[in-house]
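Data block below; observations after.
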């Protein structure tokens, strides 16, 4: 058996070493895999370099270890040559890697962040936000959003400068800081946010295209004035879907084209912003006029002259405006709208300019309900009822507005701060460029937003600001009317910048999904880790397009913006949390080069993110959190286990250390006692657990919520390795769903190994208080007594250590976790008081689905001088106070004489023991020599609990051991043979010991009573008698236990640990 096991051990070690080398060489730098902790170094694949390492004259002392511990020079050369290329198309990677990373802060971080932060909201919605919220509340909105991103950027800079950040950006930072569960959940949220961002940019581009560039391209037209909104939404859906398809094709063809166009799109953004500032300075000349009827704003493109009548050839004729409000006929007899008749038509300046003082009117908010007409405060107006038919002539609010809605719409214009960290592989000095470039970009964009809010409020008339689509200024873009030298600068520039931002989002989102899929933490996403031969994430791009299409079908920029705000805020929240956790834990690996961070700032940023989520849309916030929570739980239960050295792991370690120190104060109170199990397992020569139902039984006791340590003792040499043995035990624990720890001890003697396990398992207050071990089956048939001697020695050790002991007998008949008993009884035979273990264990078992429907019965034994009726009442009262429901029965045992059967059985037991002892004495020395030969030919002897290869049979002094046959030896052997007949005669005339007869009598009587009452019970729990103080009676002790449990299918022998484990007090 030893040779077979030794051969398997060597084969497994070879496989394990190969796997270890592969995992280290591939994953040790990137941190993307689970590498072995025992060899945390890089292995070179170059055999020549290995040979040089081995035979370096100056490193001869270390040449045997150079395969796992490389020279410092070779390690450093590999670290320096390591490059971190952003995931994407291979041609892009080759183009980038052809030249060394040389991008500075400006080109590598600052400008990409500017391009990603400035977007569609600045051009299409900021003027409307200022008009609705007023300057003060608009400044507050901008301050909240920009402060949130600034605090997040500080936290992100700390994380990004604490090591290399590969592809995945925020996902990589969060997953490696907070673990795969948080990383996967937030990574998918970030992916969904980026995907919906592409939909928002596409909708913005189509809105510019259909509203301001080519209005004639509309496919759907309003059949009546009230259906214009639905027609516009349908146009957005059609053109948005076409645009999305075209962009997806561009991204599919190659990311390098998108990267080459990025500079052009950035230039469009900068030119557009500069034209806004230039227009603000030039706004005094040639301001556009807007037409007002009373104090109501009119849609300007429906008529030519802002007047009720026009003079043509000295004849006053009705204007186009008149024709819209009046029925055809003479001016005197025409039937006109009441409001039109009673109010005058006036023209006011749409952009009065900086010096006009309009800022006072725009300082405060003016939120509107859907369908409410835009009115200018201060203009005279006669309140009259207007007809519904003329409603389309007025500029009205298309949606109801509020402060919270505007926060959700504006926040996407503050996102995009991760662009720099995603390019860390292309930067000359990422540790310096990422913090400086990102924070400067946020400061610049925040300054632009603050100044734009003030400029818009100072230059533009309030009703124009509140006009979302520019109906009052001949359907021109409101920002365009302010720009210089022409409105087309803003219109064309914003269109191209929006298309560019959409392309960037559509390029980044599939790569982010591919990074998550390649980490293999979410099983159902594995397919999206594959792509074209050049590295393009084809399947991920397809899924991204489908999700973006959902955003396109919503068709409203104002509805899509809050959705992506939620996902980005969720991502930023966890970036702040990651930084705060790492800072507070003070892990040794937390050494960011960026020093200007603090955990309080991170917590403030996290709080602001959470507040903004619920301010902008509480129901979207709940949906986003539920989605993230579901992904978290899915990864926790179904995902692959990853060890990334994350902060949550460190937090768990700190919490465990704190809890262990608290538990060390003293022993637990009786109310807090729970079975902390040490399960002793036996492995066979094929590394399989011999009795897996022991683990099943331990898992069924998990209602105690206690510690479970699964231990096994291996006989052999520790230096020969035992990792695969521990893996075998862990595998069986996973199969049986046992939550706990595994402990394998390699010892020269199994008995000593078990003692070591019992003494040293656990840590501090989290130590085992109960030992679970199997019964030594076949001990009667075996001539070798070591199996049952190891068992009895373990019983004695647990008693000496004041530990409880459970011995499931016939454990193979115990139910699996998939079986369920629909009826039957759990019988407890309470013979002596053991601290309440016999009461507590069935209660815990009944919490499990296997035993839940079983009834609990408690039996106790009354002697002749006991009052059995009073005992039953007292026991029922005791169980009532313990809050345990059970049937109670007192069994009376009469003082009968010792039967002939008992006497005969005791005699047979002692005769057998004497005969086996003599046989062992005669063969002791032959076995000793055979053992020595066996030891020479086996390198590792595989034994386990109750092994047959542990120690000598009898203790013979060393001086009597003879390695060869001498004359004295021959004479001694002849004497033994001559004495054999005499020994046999003594055996036949043997009289049993009276104490053994008494014990056998008790065992037989108790067994008769137990079998009579509990022969059909699902489980019988029974007090386990203690072993004799004198070692000479060990074999008899085993016989007593066999007699006591004869005829019972499932028996659990229980010994208490010497303390109370259950109490009647609350």
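Backbone N, Cα and C define each Cβ position, glycine as well.
As the structure is a computational prediction, the values presented were derived from the model and not from experiment.
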Transmembrane segment range according to TrEMBL, out of 182-203, 204-225, 292-313: 182-203
Per Cβ pairs under 8 Å, the stretch of 262-280, 439-465, 485-503, 539-557 packing most closely against the transmembrane segment (238-255): 539-557
Contact between the transmembrane segment (539-557) and the transmembrane segment (182-203) (3 or more Cβ pairs under 8 Å, separation 6+): yes
Counts of helix, strand and coil residues, the domain 'SLC12A transporter C-terminal' (692-807), according to DSSP: 53 helix, 24 strand, 39 coil
Positions whose Cβ lies under 8 angstroms from the transmembrane segment (182-203), at least six residues beyond its ends: 119-120, 168-172, 174-176, 236, 240, 243-244, 247, 412, 415, 498-499, 501-502, 505-506, 508-509, 512-513, 515-516, 519, 521-522, 544, 547-552, 554-557, 560-561, 563-564, 566-568, 570-571, 574, 624, 627-629, 631-632, 635, 639, 644, 646, 648
Mean of the pLDDT scores, which run from 0 to 100, over the domain 'SLC12A transporter C-terminal' (692-807): 81
